[in-house]
Amino acid sequence: MDMREVYVVAGSFVGFQVLFSCVSPVLSSNFTEGYGKLPPNKLNDWNSRLVSTVHALIVGLFCVYILWYDDAVNEDPFWGDPNLVKLNVAITCGYLFYGMKLCFILPGACNWSAMGDVFFVCHHLAALYAYGFVLTRGALPYFANFRLISELSTPFVNQRWFFEALGYPRTHTVVGNGVAMAIVFFLVRIAVMPPYWAKVFATFGTPTFERLGLAIQVAWIVSCVCLDILNTIWMYKIARGCYKVITGKLRGSKVVSKKTNYTNNHTD
C-alpha cells in the first residue's frame, strides 16, 4: 500500500472522529430543535449517524463519478488503474476504523444492542479484509467500487431514524422520505445484483480470475454473497414497512374524507 493511501486512511479516521465528537454536536444543537433533549445513548447514535451520512455521500458520489468517467477501471475490472478507487476505498477504511473504535469506547453507539455491536465489528473487519486487497494489490477495483455505490441509500435510512428520534408525526415529508428510502435502497442494493453477478460469473475459469489467487477469490465472493443476503433481508423489511405506512395513510385519508362528508351533509 502506498503512503498516499496510508495518509488518506489516517486522515479519514481523524476527520470522522472530529466530525462525531465536535462538529455534529455543535451543528445539531444549533440547527435541530429537540436534539439536546435526547438521552445520551441517542445523542451518540445521532452523531454516529450524521457521520455515516457524510461518509455515504462522499463515497457514494465518488463511486458514481468513477463508474461514469474512469475508463481504465471499466475496461479492466480486475487490474485497471485503481488510483481513484483506492482513494475512495481508503476513505471508507478510515471510516471503518473509526466505527470500530466508536463501538469499543461507546458500546451501543453504533447499533441497537451488544449483539448488534458484535455484528457491526465483524462486518467492519470483513470489509477491511476485502478492501485490503484493493489497497495492497490493486485488485478488483471495478467490483470494489461497484459495491460501495450501495452507500447512497444510507442517508435516507439515517434520515428516517432522525425523524423517529425527534418524534415527528407521519407527515408527507416523513412518508416521502420512507418511500424514497425504499426506492433508492432497491436501486443501489437489489437492482444492481443481476448485472453485478453476471459480470462475476463471466470471469469464472478465466486466466484473469485464476491470477487473483484463492485468498482474494474467497474474500471477494464470500463477502459479496453475505452482503447480498443481508441486503435482501433488509429490502424485505423496508418494503413491508413502507407498504404498511402507505396503506395506513390511505385508509386514514378515506376515514377523514368520510367524516368530512358526513359533517357537511349534517350541516346542510
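Placed from the backbone N, Cα and C atoms, the Cβ positions cover glycine too.
Note that TrEMBL annotation is computational and uncurated.
Feature annotations, reproduced from TrEMBL:
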type: TRANSMEM; residues: 6-29; note: transmembrane segment
type: DOMAIN; residues: 41-247; note: domain 'TLC'
type: TRANSMEM; residues: 50-69; note: transmembrane segment
type: TRANSMEM; residues: 89-106; note: transmembrane segment
type: TRANSMEM; residues: 118-136; note: transmembrane segment
type: TRANSMEM; residues: 174-192; note: transmembrane segment
type: TRANSMEM; residues: 212-234; note: transmembrane segment
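Same-chain neighbours of the transmembrane segment (212-234): 78, 126-127, 129-130, 133, 137, 139-140, 143, 147, 150, 185, 189-190, 193, 196, 200, counting only residues six or more beyond its ends whose CB sits under 8 Å from a CB of the stretch. Cβ atoms under 8 Å from those of the transmembrane segment (89-106) belong to residues 5, 8-17, 20, 44, 48, 51, 55, 58-59, 62, 117, 120-121, 124-125, 127-128, 131-132, 134-135, 144-145, 148 of the same chain, restricted to positions at least 6 beyond its ends. Residues 60, 146, 149-153, 156-157, 159-160, 163, 168, 231-232, 234-235, 238-239, 241-242, 245-246, 249 of the same chain lie 6+ residues outside the transmembrane segment (174-192) yet bring a C-beta within less than 8 angstroms of a C-beta in it. For the transmembrane segment (6-29), the list of distant contacts is 35-36, 43, 46-48, 50-51, 54-55, 87, 90-95, 97-98, 101-102: same-chain residues at least six beyond its ends, Cβ to Cβ under 8 Å.
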